[in-house]
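Structure first, commentary second.
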């Protein structure tokens with residue numbers, strides 16, 4: 001292919017860059033034709049003729065058909081650089097020298113089959129030019145350059161160096177020891193996991209929400225219906241992206257320090273420079289002022305906040321919001337009035353919309369914009385009832401998609417965990433109470449691990465020596481995170497459990513502390529309120545509150561069912577915490593782990609307990625017999641711990657993953673006001689639970705969120721005859737003041753990835769809409785045909801509802 005930039009064009013900088021065709025009679029073309037012809041004649045053994053000092057003379061009549069020599073002019077227009085290129089080959093872009101083209105020219109003349117594999121040029125043979133030149137004995141390129149005009153000086157006779165004989169070296173030293181190679185972690189910690197956990201622990205502006213989570217977005221303004229109860233205040237959405245915004249805010253300055261335009265006088269922070277230094281040199285700039293040491297603060301403060309890009313469900317629009325406009329999925333649900341009104345309007349819409357139009361609408365994303373704004377940036381002034389009617393179909397579909405998505409789960413970020421298991425464990429001095437019909441071996445965590453490892457783990461060859469080995473190294477597949485319904489959960493963070501504290505070792509064992517009781521200040525407050533004799537003191541302590549788990553491991557094991565089949569079950573392990581009164585003085589508090597700052601304590605401002613009994617009916621703990629009483633069930637769960645002898649090692653299983661340099665272990669989040677987290681077992685033990693016992697994430701101070709304040713105030717003012725505080729038990733469960741079973745994620749279907757979850761949730765919701773529309777469409781067609789259709793109640797779409 002021949003080049004196209006053959007016209008000489010001078011750009012605005014005075015440079016050229018074009019390919020000038022070279023005529024065959026120019027010296028450059030003649031030099032190429034002679035050089036190529038000489039080697040072809042040599043290769044074909046042509047007779048030697050016209051011998052002179054330089055040898056035989058052969059020349060190509062012309063270049064092969066389609067070939068053209070070009071002179072590449074590049075650089076300043078007055079003196080550009082010249083580089084010859086031979087172009088026109090269908091196989092090679094260009095030849096840069098005579099030696100590059102010689103093998104190709106020989107191939108063109110000799111190979112009648114035109115098989116490129118027979119060509120020996122550097123481009124067809126894919127070899128360096130040096131190898132081609134050596135193999136074909138081509139002439140070497142002469143070094144270009146003009147000889148120096150400076151006359152050479154006479155050679156100076158060099159002085160012979162004086163030879164100094166070195167003395168032989170001999171010494172005695174210790175044998176050097178090789179440096180011990182430090183082996184670091186071979187598996188990487190997920191960067192997103194570290195960033196999410198640390199962002200949630202920031203004191204001033206924590207980032208609660210994570211990419212891919214399902215949240216409720218507060219609409220501003222809301223989509224109003226006929227009444228306040230029918231108004232759409234929230235729309236479900238997915239976190240698409242998170243960014244940190246920064247703003248400099250001027251401090252309050254004295255009179256005269258700030259101009260009318262808002263500019264701030266900063267001359268007080270600088271001092272006049274000397275005349276010597278202030279005189280700028282020709283090649284540098286210099287300001288006549290230098291910063292001075294001063295105790296004055298900079299006249300501004302910096303404010304940072306998170307901005308979330310939310311992908312609203314069922315519509316094509318995104319919504320940019322801050323933390324104050326978002327709520328976790330479990331913190332809100334559409335009211336019964338809104339659900340009933342939306343369904344009624346949806347049925348009216350299905351009855352009135354033309355059939356072809358509705359068939360098309362159900363198969364695509366709705367163009368409705370829940371946060372539509374006018375051209376001037378203000379909120380839409382469209383009639384509230386009209387917008388509500390337009391929002392009914394996409395809102396109902398969005399709520400159904402969110403409800404479906406909350407029922408899915410999967411593990412993420414798989415890694416290989418190695419740890420040791422002892423073949424036999426010595427019995428402890430004091431045994432926990434066990435069910436009469438079950439042996440200790442059946443309850444021990446070691447027995448469970450040994451059994452599961454035999455089915456699900458790979459044993460290292462180095463540990464298969466004999467039965468006398470002290471330990472056995474096993475490899476287990478673990479996971480760094482979970483998609484748990486609407487939430488993203490990572491290991492090493494605190495999660496809520498469905499269990500009440502009184503269900504887990506209510507009397508304590510040798511490794512489990514009993515539930516902590518009320519503090520002295522709580523008892524004094526109850527006595528002053530006249531409720532000391534009416535409420536059991538055990539209910540004022542941690543017994544009726546929820547349990548928390550620092551999730552330190554997520555793994556799958558193979559379990560044998562009653563029918564003999566084997567199935568996989570996902571389990572979680574970690575440290576258990578209870579909510580203890582902050583002012584509690586306990587002699588057994590050696591197991592307490594450090595928590596948030598002391599400023600969160602508000603003991604004395606009110607009762608640190610939730611009055612009223614808990615009608616909790618939790619699912620049984622992992623146990624093959626669901627008829628076992630709670631006390632024995634709890635004892636069975638207690639035995640699922642890892643009994644380690646001696647002082648616990650600093651190395652942990654999670655330490656096999658790489659961590660950021662100089663990073664520390666993640667601290668616990670801030671506890672609810674008036675409480676502190678109290679570990680209920682020693683640090684050398686861990687609890688293993690079924691994954692289904694996890695309620696969800698813990699959001700510190702969620703009840704103080706601006707969007708939650710009206711709901712919390714309504715709950716506090718609800719009369720006892722209408723349920724009182726316990727009527728809103730789902731709120732208190734979000735902070736662990738009640739067991740997590742009152743407000744919990746209930747994922748049941750496993751999916752391969754988060755994308756598959758979104759896809760299936762959308763498909764299932766649309767399938768339900770199609771079924772509803774099919775029934776309505778059939779009725780409309782029958783009415784048009786004059787068939788009397790009996791009135792039947794429509795099936796209401798399944799939506800997760802919170803207790804009212």
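Note: Cβ is positioned from N, Cα and C throughout, glycine not excepted.
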Region 'Disordered' range according to TrEMBL, out of 519-543, 544-568, 569-593, 594-618: 594-618
Annotated range (TrEMBL: region 'Disordered') out of 275-294, 295-314, 315-334, 335-354: 275-294
Given ranges 68-89, 90-111, 112-133, 134-155, the stretch to which TrEMBL attaches the annotation region 'Disordered': 134-155
For the domain 'Cryptic loci regulator 2 N-terminal' (58-124), mean pLDDT (0 to 100): 92
